[in-house]
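Below is one structure, written out as structure tokens, with a few remarks after it.
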């Protein structure tokens, strides 16, 4: 149904337009997107004729600062916080509204010699400031346009226009597919663009390394930062893991209540300790401690989920009641850390098949699943049964 990101990039490099859809739980819209560097009056005319929406120009903060483009409003109450600047027309234009003059304004916006005084305010082109980090920080069309431009090696600016049906309603995916077919346009999703960037870009940085003596043995501890969500993670490495043989690995998601306070609601603390002990016994391996509290929903939301469980919901139902998926974790950052450690082939300590699939999706080979089942307690029996029945965990209960 959708095209690959690589296909869209090739068309954009040729000055063509693509359609980009966002999530159905967000705006659930599609936009025409083109590279600002290659914009022509013909492309503008196509957008306003067949898109019928507002023509905007996503740019970086640097463009806005250089051209002194102030925010359109001092207090942004838009539900998605779209960062409109004041609208502009280039001083060489007349009314500024024609396709030709809108293209001129966009071309001059990209001109490195242009100054803020070269543009009249307000005008008919609406610059939008993309967030630093692009779609990895905000999954909007603004960020998608700038990301696509960067991936094409072009100036970091795009031209976008919402697609509206002839009857005035917003075009949804079935309508957008018809539009793409009619005009032979590639169609991609922001979700796929996020996945593409996560797969192709290095988002982790090795920050510090120390020797860490523990009750289970002495480990080489390596601290990592990441540019995706700014969370900090730590890898505990034992022995020589550079032999090329499959390495015993545990990817452990942070659980403050279980790991630190010894909560009996889950089996996280015992799993953490058992994994460290097993790696120590083998003489080599990695425990990767990921800051993904509560399967990614955070500490306070996990406590809220616990409250709902006290009222009768199970762990999956509680997450969903709070508006979260059953499991919000993404293994891309963890996979990048494991690759930074030089690993390609793993023996994974886990009961969770989704974790195996998540890591394999980033080109890591899992040669063996090593079970890590802890004794069941009365307090976590229902929790473990739900993980087995609803999340697919491989447990003998």
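A Cβ is built for glycine as well, from the same backbone N, Cα and C atoms used for every other residue.
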Where Swiss-Prot shows 250, 251, 252, 253, 254, 293, 294, 295, 315, 350, 355 binding GTP, which of 271, 336, 344 is named for the same site?
271
Looking only at 124, 141, 250, 295, 329, which of these recorded positions has the biggest number of Cβ atoms within 10 Å around its Cβ?
141
From the Cα of residue 266 (Zn(2+) binding site) across to the Cα of residue 293 (GTP binding site), what is the distance in angstrom?
13
Of 162, 268, 329, which recorded positions come within 10 Å of residue 252 (GTP binding site), going by C-alpha to C-alpha distance?
268
Cα-proximity to residue 254 (GTP binding site), 10 Å cut-off, over recorded positions 124, 139, 141, 266, 268, 327:
268
CB contacts for residue 327 (active site, proton acceptor) [other CB atoms within 10 A, all chains]
21
